[in-house]
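Enquirer: The structure follows.
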Amino acid sequence: MPSGDRYCSACGARLTPGDRFCSQCGNGVDTGGSAGGSASSGSSLDADRAWLRRRVEDYRVRGWTLEHDHGDRVVLVDRGFGSLPVHFVLLLLTGGVGNVLYAWYRHTSGAPRREIRADGSERSYPDDARLGVDPWMAAGAVLGFLFVVTAALTFAAGAASAASGPLVLVTGVLFLAIALGVTYFPLAARQGNVPLSTVGRKRTVSTDRVRNPPEPCAACGDRVRSGVRRAYADRWYLAGLPLRTYESGENVYCRECFEGESDTDGPDVEAELDESTETERA
């Protein structure tokens, strides 16, 4: 056995030269320090490695797994089986066949991925947000459409039978009311940050206080102990419902950067929507 072989201290898997994380369990690997080099460059390299290791550990706690380890950058994947609203729609439309294909896709090539570099930059691979469609919106629309079809068939049956006309008419109106309720009101409640009178394209920003989030500060890149998570969206609304999402995401700021921004010109929504460090929603 070569003397240079290394093994993961957590699971015992064999490591290849240059690995900073175990490809089997994702545990951080102590690569050790080099004898040469200046003290300042060595200190900076150690700090980058420590930051990268913390970020990977943060994502591992949230259920992500290590897919690729390129030394100075890693690729993490969040394998799953898709969202419930999409599965519900596929079950109605395909009888279960589409659910199997969708679950397989979301567990393999369609799983969300995150590339993290030692220099502090991060990038999310394209996800459902690229489609610009809210899964809950799609599920509600399909369910409402089914109720509308049922109401239409009920009205047609009532027209063919004059004796039961009033009863069928009441039943059809009831189905239409259920369709509107299922499709509109729950979705409007989920998008409560805009009034029901909103029509057209609108940009919104909301902020929430956070403590020890996994993401670094989007402004200075440091770890956030106490700060603010700012979510932003650019959507097209009809009666308060988002029918299309042009762009959405969120950034985390430490308290110092957020308060410094607030003391000047306040949040710049345009800059946020064009910021390269934005995180796309799933």
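Here the Cβ of each residue, glycine as well, is placed from N, Cα and C on the backbone.
Remember, TrEMBL labels are computer predictions, not curated facts.
As listed in TrEMBL for this protein:
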DOMAIN    7-27  domain 'Zinc-ribbon'
DOMAIN    48-116  domain 'DUF8108'
TRANSMEM  86-105  transmembrane segment
DOMAIN    127-188  domain 'DUF8108'
TRANSMEM  136-160  transmembrane segment
TRANSMEM  167-187  transmembrane segment
DOMAIN    194-258  domain 'DUF8108'
REGION    259-282  region 'Disordered'
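Mind mapping these onto the model and telling me what they sit next to?
Expert: For the domain 'DUF8108' (48-116), the model's average pLDDT works out to 82.
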Enquirer: Write out how many residues of the domain 'DUF8108' (48-116) are helix, how many strand and how many coil, based on DSSP.
Expert: 36 helix, 14 strand, 19 coil
